[in-house]
Amino acid sequence: MVSNISDIFKNDYPNNYTNNWSTVDSFCQFNKTSTSIWFRYFADYKTNTVNPCVEFGSIMFEHVIFLYFIVLNFFKMTSSPRIPTNSIYITTLVKLITISCSTLFLIISLFISLITITYKLPTILLIEYFLITIIWLIYSFFWYCNIYYEHWHKNRCFSILYSIVSKGFLIIGIQRGLLYSFTDPRSYFMLIGFFFHIINYGNNILEWYLSKNIYVHGLLHENNVLSNVPPSTTLTLKTDEEVNLFSKMFYLWTNNLVSKGYKQQLTNLNQLYHLPKSLRVSEIEKKFFESAPTIHTDGYNFSLFTALLNCFASFSGPIFLHLLVTAIEDSGKDKGYSDTLYYSFLIFTSSLVSVFCNFHYNFYSNKIGLKVRTATTIAVYEKLLSVPYFSFFNKKDNDNSTSNESVSAGKISNFISIDTERITNFVTSFHAFWSMPMQLGIALYLIYREVGVACLSVVVISIIMIPVNKYISTKIGIYSTKMMMMKDLRMKLITETIRGIRQVKLCNWERHFEIKINEIRQKELKYLAYRKYLDALCVYLWASAPVFITVAIFGTYTLWMGQVLTSAKVFTCLALINMLIVPLNAFPWVLNGVIESLVSLKRLNTFFDVKDLDYLSIYNPVEEKLFGKPVLELNNASFCWNNNDECIESIYKSLKSINLSIFPSEIIGITGPVGCGKSSLLLGILGELQIISDQRNSIYIKPSLLENGIGYVGQECWLKRGSIKDNVLCGSNYDPKFYSFVISSTALSYDLTMMPNGDSYQISDGGSTLSGGQKTRLALARSVYQNNDLYLLDDPFSSLDKKVAKHIWKKCIIEMLKNRNKAVILATHNLDYLSKCDKIIILDKNGSIKGQGKPEEVMNEINNINEWKGSCESLDDNEKEDELLVGEGIIEMDLKDINEESKDTGTVKAYVFKYYLQSIGSSLSFLILLSIILMQITKNGSEMWLSNWTSKQNNINETLLVHYSDTTFPFGSLFNTPFLSNEQFEKTKYFFKIYIIIALSNTIFTLLRSFTFANGGIVATRKLHSKLLSIVFKAKMSWWDSTPYGIVLNRLCSDIYTIDDSLPFQLNIFLASTFNLTGSIILTLIALPYILPVIIILFIFYFLIQRYYRYTTCEVKRFSTMTLSPLFSHINDTINGIITIKSQKFVRRFVNDLKEKLTNNLRAQYSALAATQWLSVRLQFIGVIMISTVAFGAVIQKHFGTIGVIQQSMIGLAITYALTLTNLLNAILNSFIDTEKEMVSVERINQFIQNIPTEIDSKNNYVYENLGNQIIETENDIERNLLINENIPNNENFKNGDIIFHNVFLSYTNDLSTSVLKNINFGIKEGSKIAILGRTGSGKSSLFNIILRAYDITSGYISIGYQNISSYSLSTLRSNIAIVTQQPFIFHGTVYENLNIFNISNDETTTNILKEKIKQFFVKSSLENMLEEMNGLDGFIEESGSNLSYGQKQILACIRILLLNPKIVLIDEATAYMDLALHNKMLSLIKEFLPMSTVLMIVHHDLNLEQFDGCIYMANGEIKELKDLSKEKENNIFITF
């Protein structure tokens, strides 16, 4: 075959054409004997034809310009208008037909030129035919795309350029005719092609004429007057499953997306791809659960053949390289030329096949990865909704550590964001994992064919490194597990802190919890550092392996085997070793990814092993009959909180031997001391506790309850982010009439009239913008609207004032529930409503039923238990309803700020990269950069030295060398060269020593680069997390009210994980690939300087492509990260309200909501994948062109006769590098794009740090003097006594606990007409104990908010210790004031850690003293039994106190303030869930241990007011009455105005 190809180029041209390639003159057929310059260099006087090189230059000059504009117009094609009329469509079709026909005749001419013997052409003209054929094929394809996408291309300048360039057909046709006297068929084919161009000229003129007539029509069409298609959807985005085969093969379907991104039209999710059928969430879920419990990824569209072909096709490059370099070294010029051209073409073909398979393999493997991620996310979420509540913690007796089987919000967030991502990465890692050993085996075999047994050094090094790598990988797996445990712990504490952020900030605990979180973060970073440094060591070993292998191979081959190195052997081995670099370098990452995937899989398997909530094993459905059957019946049922089988053996049980039955229209009251198990009983009925019974199915239930759910309102009212109406409906159908009844019965009507936008008012996470009473009533309204048959109400009256509570009892519980045949179980301490129940059950402190019966039968026993001294009040039916319904001020905020997350547009700005480098540090950044530069210099230096070595070896007398025969590779003899002489051996030793020195230097710099980069990533993520956490804790309360918790969690979880892991990884690849490419290009140009123009042109294309693409990838990355926040918010909402969601059968609705949010994220991920493929196709084809340019350039340069021995060895090195150019180009841009995408996380964190409004302290101190005992009459008196002194330090404690409000107004909208507090004036003396009363929403909690400067007052001022509170630093102000909010803040940890937040000491003596003091508090309040049940002060409290009752949490919160010894105590209904006796005990403790503290306490009932010194009555944000209750009338507690 080779000989035939060689024959094609033999010299049988007519006239004076020769085939002497010794000089440039002979190559271009210059006639040096002619006296005329024209006939010497430009034309042949015998045939009247121009010189071949002149023809080539003139034709190619025009065509290169033409190609450039073709590419530009390709980019602009999608911005062209749609074809407006059929006539324009026909003209465009004619263009495609005429140009395609002319191109077809050009292809025929090229084919004739290659096979003909009669009509030979010079090589330069063959190259001309080949290049212009490629250009005209591209131009034909351009018009095909216009027809396919129906774009009207109207560029007149481009049409004129086409007319100029197409005349080349005429010139070439005439040239061939003159050369062979018009006997050459090619001349006619070219002239026929030109004839088609003439037809197209006329067609262009016709199009221009038609465009004038339809200009107005075109304008109307472009403005959508004649089209019903919206502007944003003009470019329809078809997915890969909706396009034809041609578009699918070359990813033409991705053009419109990238075009939209470039024109910055990707402004919302609707402009991204819709999901193809195989990626729809419902389809994935169906296939996933059909294959359960064994999970199989969907192999559709995945080809094992493609993967194998991609793996093996890349190895054909080194084989052809060997043949090419051997041919270049061959002294036989004619044979050498034909062989080199042939092998160059094979290199081109193999590279093309390899890249074509590569981008298809990557797309479908990543598409499968998306399916795996989606399926895993759904599985985790649905599992979360199927496990019982007791699985969310482990009850430990003497161990403070949590079990692996426990479930927490932080762990669930990590499951979704991190573990799922790791398992997804396993899809691609797995294929690399099994293919890499095969690649290694093939490479070893080919090296063996080159250097024989010297290849065993590769095996030896690999055998040494495998156990080392295994040890390192094992350690990485161990540290990854520990790191994830710390990450779970950190996210758990962050989640708890964010949930209780109001009390954390108002109590000045931010710094404490910031330190605690950072301590956990430090442990997490310690394990991350271990893992990163082990990764760095692993990468160093495998990255240095090629150096060690090269040294070992060439050392063995020359010094031990005594063989001579030739360029062919060296550079073939280098190419194969470079092939080894890919699997060797990637292997530690792949292995690490597999290990991390297994760690995550193990974590998820542990979660999936948690037992599901099996309703059929809990409930025994009873056939419904007309009369006589209860709705619910408990038969000797016992419950406990433990989530393991040891619960059955445990002596501790939450509830024992409960017998209960309830009938329709019946209300059962549950009461008992705090911690007796009232809430636990309700959870047990719902199946959320572990049931212990001698009989299975000990709960008999009405079957409809299993289908429709049980209404449940817990003590901690769960509300989701959204509107009031959305919370009430919660996915149910809207019934206007019933909705109105529900709103009225829960006393929300007046509140809605006060809220901006009524029931469309948006509430934040947990309803933090509502009062405690409003949250309770809204939760009750949601439950009532679901119209269940059974309702479990856990003390809903505690947060309501008496009159609103009466309304709720009468209108809601009686009229809406009891009178409509609903059964109600009500847990409460309130005797008013217990006395109205049909039956009462009394629980003792051990969780057993102490008594039950009708109210008149058990009321005496209740009074004895509670020591209740108040009397029951009757409900007055004639009381005016409008007096009950009093609204409160609402925090008004921009709905967009609540619901949507802001998003930048365009590429990531330079300041983001600068910000990240600043986080690393300038010195460390410089060291990293220097190590990479030195590593690359030594790498290229070692290979150049090898090139020099082989060139010197080639200077040895050729009689001593045995060259390869045609059968040498790959099946030639093993030893085909003689042993070296002594002199040659000494020279070889010299070259080898220098090579070892350079190679070892390279390994040292590689080691330095690996460890400095690992350290830089850790330093950066430590600083960014610390800054982010600090700024988040310093944010204003108004920011927290308007910001979804999911956004904050997304920053601290997903974005931080990206900066921990993904960003350094991608940045490392980008920098290494960039310097590698730079070195490769420099050496290639040294060897082949004539290809510089082609390299420049390719890099221009490269630059244009990346510039065009980056806009899109940054936008879709932002969409990807932005759509994660709603996902996290939804998961957080689900965890917080999981009991309500399951009890009221909202599960399917919430799963559908998750699927919707997951679909949005999946659309962004799929669009990102599509955009990546758009880039990959173009980059890899550029790489193929670059490889071909180097290979063909080497052939041409060799036969110019300008290559010596040194240049021949450098050409081998250049081609070796060329074989890696495709991967390098792809790696650079992909890693840069990925780095830029990961930098979005830095951008988002930087936005948080820069844009979060933080609380600012005033620099001035306002001091009030001589106000202690004065009676202040007028505003002027106050202003006269107000002295400003800037020199007083603002970190001092208060002088005293006097509090003065003067003309205080508070409005969240800066509009006094919408003030929440209006003209507040009062003063309280130090040590006074004041009760604040008022109906729900009267503004009581707002008083506390402005005392602590949670919100800025609109006008007036507040003073404490006769100093304006704005003059104190926030730390000073809040450190001297203790507050217990409506929802007590409890976090996971010991009881002692929860009580003694600030004074945690390592000193055992101090700790013991504090513990004894705390125990004294429990003894004084007769709560030592409760402390014992919690396993003492060292007992462990689960996440958010989930193993405590609400009353127990309130007790701990109240006892906590006794240790703080504050000047002022603010209690916001913190005893609402305690009985009156315990309420009085708590107040007595405060009075006893904090006698000098000023106490303000919000209460909802006026019983036992004698415990207070005074009370303040509020309504509508105003003070209606100040009442002095102190016995010492001569000493007023109020500072009068």
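Count begins at 1; order follows the chain as displayed.
Glycine is no exception: its Cβ is also placed from the backbone N, Cα and C atoms.
Small disclaimer: the values here were computed from a predicted structure and weren't measured.
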340-361, 428-449, 1462-1483 - the one TrEMBL records as transmembrane segment: 340-361
Annotated range (TrEMBL: transmembrane segment) out of 157-175, 461-479: 157-175
Among ranges 579-599, 1209-1229, whichever one TrEMBL labels transmembrane segment: 1209-1229
Long-range neighbours of the transmembrane segment (1081-1105), counting only residues six or more past its ends (CB under 8 A): 64, 68, 71-72, 75, 940, 943-944, 1175, 1178-1179, 1182, 1185-1186, 1189-1190, 1193-1194, 1196-1197, 1207, 1210-1211, 1213-1214, 1217-1218, 1225, 1229
Among 56-75, 187-206, 340-361, stretch most in contact with the transmembrane segment (96-117) (C-beta, under 8 angstroms): 187-206
Contact ranking winner - 187-206, 340-361, 1179-1197 against the transmembrane segment (157-175), Cβ under 8 Å: 187-206
Top Cβ-contact partner of the transmembrane segment (56-75) among 123-145, 340-361, 539-559, 990-1008, 1179-1197 (pairs under 8 Å): 123-145
Surrounding residues of the transmembrane segment (123-145) on its own chain - C-beta under 8 Å, 6+ positions past either end: 9, 27-28, 52-53, 55-56, 59-60, 63, 66-67, 70, 73-74, 77, 92, 95-96, 99-100, 102-103, 106-107, 109-110, 113-114, 151, 162, 168, 252, 255
Model confidence over the domain 'ABC transporter' (632-871) (mean pLDDT, whole number): 82
